[in-house]
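Notes follow once the structure below has been shown.
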C-alpha cells in the first residue's frame with residue numbers, strides 16, 4: 001500500500017510539476033536560510049562555550065557618567081578592584097584579573113609578536129578552558145608561567161612536547177610553559193595565542209599590568225559566584241567601592257558606577273569597544289528567520305489549498321470505487337509531506353555546500369554536525385512536517401468527508417471559506433515582505449552613515465600607522481619620526497597619543513571654560529605635522545611650532561598652548577570659530593591643574609573613534625612625551641616602496657622589536673565591520689524572504705489566471721479588451737498589498753526604532769523607506785501578475801471557453 005501511495009504521490013507532483021517546483025525551491029531556500037540563522041544565533045548566544053556553569057561567571061564593567069558628553073562604559077577597570085572585592089566578599093567569590101597585550105615571543109632564532117593575555121592564578125578556575133596538558137588550578141602560579149594554545153606550541157616547538165620548555169618574553173624575561181590548551185573558539189573574548197602570569201607580567205609586558213592607580217582602567221575583573229551568591233550580593237560592595245574610590249562630585253556631575261554582567265552575554269551589553277551587536281539585532285535576525293519560514297509556509301499552504309478544488313473529482317471517483325476516508329486522508333497528507341521532506345533534504349545538502357561561503361560572509365567559522373545538533377535537526381524536521389501537514393490539512397479533512405455525489409457535483413468549484421483563508425495568507429505574506437524591506441533600507445542607510453563618518457579622512461594617499469611606540473625611549477621615537485619625515489619615498493610622518501580607530505581616549509572635564517557649565521572634551525597630544533599628514537583643514541589660526549609650543553612633561557608650563565576642534569570652539573561659547581583664536585580660556589577656578597588654554601588655531605571635526613560615538617569637543621597639545629603612534633603618509637602610486645622604506649627605517653632604529661603597523665583604513669574598519677556584517681546578513685536574508693514571496697506570488701497568480709480562464713473568455717466574447725483583463729487580475733492583488741502596508745508599517749517602525757537606539761550617531765526615521773517598500777512591493781506584484789494576465793488576455797475566447 002505504501003508503495004502505491006508513494007507512486008501516486010509522485011505522479012501527482014509530476015503532473016503539477018510547475019507548482020511542485022515552486023514549492024520545492026521556496027521551501028528549500030527557506031529551510032536553508034533558517035538553518036544558517038539558527039547556527040548564527042547559537043554562535044552569538046553561546047559565547048565562551050567551554051564555561052562550566054556559565055550563569056555563575058561575571059565580569060565587572062565601569063560606567064562613567066558625564067554631564068556634557070556621552071559617558072564611558074567599558075569592562076576595563078582598575079587592577080585593584082579585585083582585591084577590594086576579595087576583602088568585601090571573602091570566600092563567596094573566586095576572582096581574577098585579566099589584561100590583553102602584545103609580546104615579542106621567541107624561541108631560538110624565531111621571533112614574533114603574539115597576542116597575549118596576562119591573568120591571575122585563579123583565571124582558569126573561572127574561565128574553565130579545557131587543558132590538554134598541565135593543571136589548570138595551578139598553571140599560572142609560578143612567576144613567568146606560560147599557558148600555550150595548540151597552534152602557538154606548534155609554531156614555536158613543532159611536534160615536540162612544549163611542557164616545561166622556555167620562551168623569551170619581550171627580550172626581557174624567560175617564561176616556562178606550564179600548560180597546553182586547544183585553540184580558542186571565535187566566540188570568545190579570550191582569543192589569544194598564550195596566557196602569562198599577571199603577577200610578573202608588569203616587569204616586561206606593560207606597566208599598566210601592575211598599575212595601582214584607580215584612574216588606570218586596564219584590566220577585566222572576573223568573578224565566579226560560589227553557590228548561594230547572587231548578583232544582589234555584589235551590588236552593595238560595588239557601590240561602596242565606587243563611592244570611596246570615585247566620590248561623586250556634585251559640581252562636576254561625573255559619576256562612577258560598577259556593574260556586573262554575565263561573561264557569556266557581555267558582548268551584547270554595549271561595553272565592548274566598536275560593538276554594535278545587541279540583543280535587539282539578534283532578535284531582529286531571529287524574526288527574519290521566522291518570517292522566511294512563515295512566508296515559505298504560507299506559499300506552500302496557499303497553493304496547496306487553492307489547487308485542492310481540482311482534486312474533488314478525483315476524490316469522488318476514488319470514494320465511488322471504494323476508497324475509505326482514512327486512506328484518502330493518508331494520501332492527501334502524504335503528498336505535501338513528501339514534498340516538504342524533499343525540500344528539507346535539498347536544504348541540508350545546500351547547507352553543507354555553502355557553509356564555507358556563509359561562514360566567510362559572517363566572519364566566523366560555523367559548524368553544523370547533525371548528530372551533535374539534535375535540537376536544531378529535530379526542530380527542522382518538525383518544521384518540515386508541520387508545513388507538510390498544514391498544506392495537506394484542508395484537502396485531507398475537508399475533501400475526504402464529501403460523499404461521491406457531492407464531490408462530483410463540487411468538482412471545479414472553489415469554496416468561499418478557502419478563498420478567504422488564501423486572502424488572509426496573501427496579506428500576511430506581503431506584510432512580512434514589506435516589513436523586511438523597510439528594515440533592510442534603514443540598516444543599509446545607517447551602515448553607510450557609519451562608514452562615511454569613519455572613513456572620511458582615508459581618501460587619497462594611504463596612511464600607515466605604527467603602533468606600540470611607548471615601548472621605545474622618547475629620543476628614539478623622535479628620531480624615527482625625523483627619519484620617516486625626511487624619507488623621499490614617503491610624504492610625511494607625525495606622532496600622536498591616539499590614532500584613528502583607537503579604542504582608548506583621554507577625557508578632561510572643567511568648569512572654568514564657560515561660566516556655569518561643565519565642559520568635557522577629549523585630549524590628544526600631537527606634533528606640528530599632525531594636521532598636514534592627516535590632510536585636515538585649519539579653519540582659523542596656525543598650527544603648532546615645536547620650538548615654542550611644545551610641552552615638556554617634566555616641566556609643565558603655566559599656560560597650555562592648544563589647537564581645538566570646531567565642535568570644541570562652539571562648546572566653549574564661540575559660534576564663529578575664528579573669534580576664539582588668540583583668546584585665553586579657563587584658568588579662573590583656582591585649580592592649578594586647570595591651566596589656561598591659549599587657543600592658537602581651530603581645526604575641522606574629523607572621525608577619530610567609532611561611528612557609534614559622534615566626535616565631541618577635542619583639544620590638541622604639542623606634547624611628544626605621550627606619543628604612542630606614528631602615522632606615515634605613503635604615496636599611493638608607490639605603496640610597495642613606501643612600506644619597504646618604513647620597514648627599513650624601523651629595522652635600523654628598533655631592530656630588536658618586530659614592527660607593528662596597520663593601514664588607517666584597516667584600523668577604522670574594525671569599528672564598523674560588525675555593523676556592515678550585520679547589515680549584509682540581514683539584507684541577504686531579507687532578500688531571500690522577498691524572493692520566496694515572489695515565487696509564491698508567481699504560483700498563485702498562475703493559478704488565479706488558470707481558474708478564471710472561462711470567465712475571461714466570456715468577458716472577451718462580450719467585448720472586453722486585453723487591457724480590461726489585465727486590470728481585472730491586477731486589481732485583485734492591489735487590495736491585499738494596501739492592507740499589508742497598513743499592517744506592516746507600525747510593526748516595522750517599532751523594530752527600526754529599537755535597532756537604531758544602539759547608535760549614538762544615528763540617521764533620522766523618515767517616511768520615504770516605508771513608501772518605497774510599499775510601492776516597490778506593489779510594482780513587484782503587478783510585474784509578476786501582468787505576465788500571466790497578458791497571456792490569458794491575449795488568448796482567443798474560443799480557446800478559453802473550451803478550456804474546461
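One is the number of the first residue shown, and numbering goes on along the chain from there.
Glycine is treated like the rest: Cβ placed from N, Cα and C.
Unlike curated records, TrEMBL annotations are generated automatically.
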Range annotated transmembrane segment in TrEMBL (choices 326-355, 446-475, 476-505) is 326-355
Pick from 685-705, 706-726: which stretch is listed in TrEMBL under transmembrane segment? 685-705
Looking at the candidate ranges 375-399, 525-549, 550-574, 575-599, report the one that TrEMBL labels transmembrane segment. 375-399
When TrEMBL is consulted, the range among 228-251, 252-275, 420-443 described as transmembrane segment turns out to be 420-443
Among 643-667, 768-792, indicate the range for which TrEMBL gives the feature transmembrane segment. 768-792
Interface check, the transmembrane segment (768-792) with the transmembrane segment (420-443), three or more C-beta pairs under 8 A: yes
Taking a Cβ cut-off under 8 Å, which residues six or more beyond the ends of the transmembrane segment (420-443) line up next to it in the same chain? 284, 288, 291, 294-295, 298-299, 301-302, 305-306, 394, 678-679, 682-683, 686-687, 689-690, 693, 696-697, 700, 733, 736-737, 739-741, 743-745, 747-748, 751-752, 755-756, 763, 765, 769-770, 772-774, 776-777, 781
Close approaches to the transmembrane segment (737-756) from elsewhere in its chain (Cβ under 8 angstroms; 6 or more beyond its ends): 280-281, 284, 287, 427-435, 438-439, 442-443, 446, 762-763, 765, 770, 773-774, 777-778, 781
I need to check the long-range neighbours of the transmembrane segment (21-41): which residues 6 or more away from its ends have a CB within less than 8 Å of a CB in the stretch? 282, 285-286, 288-289, 292-293, 295-297, 299-300, 303-304, 339-340, 342-344, 346-348, 350-351, 354, 358, 362, 366-368, 376, 379-380, 383-384, 387, 681, 685, 688-689, 691-692, 695-696, 698-699
Per DSSP, what is the helix/strand/coil residue tally across the domain 'ABC3 transporter permease C-terminal' (684-786)? 87 helix, 0 strand, 16 coil
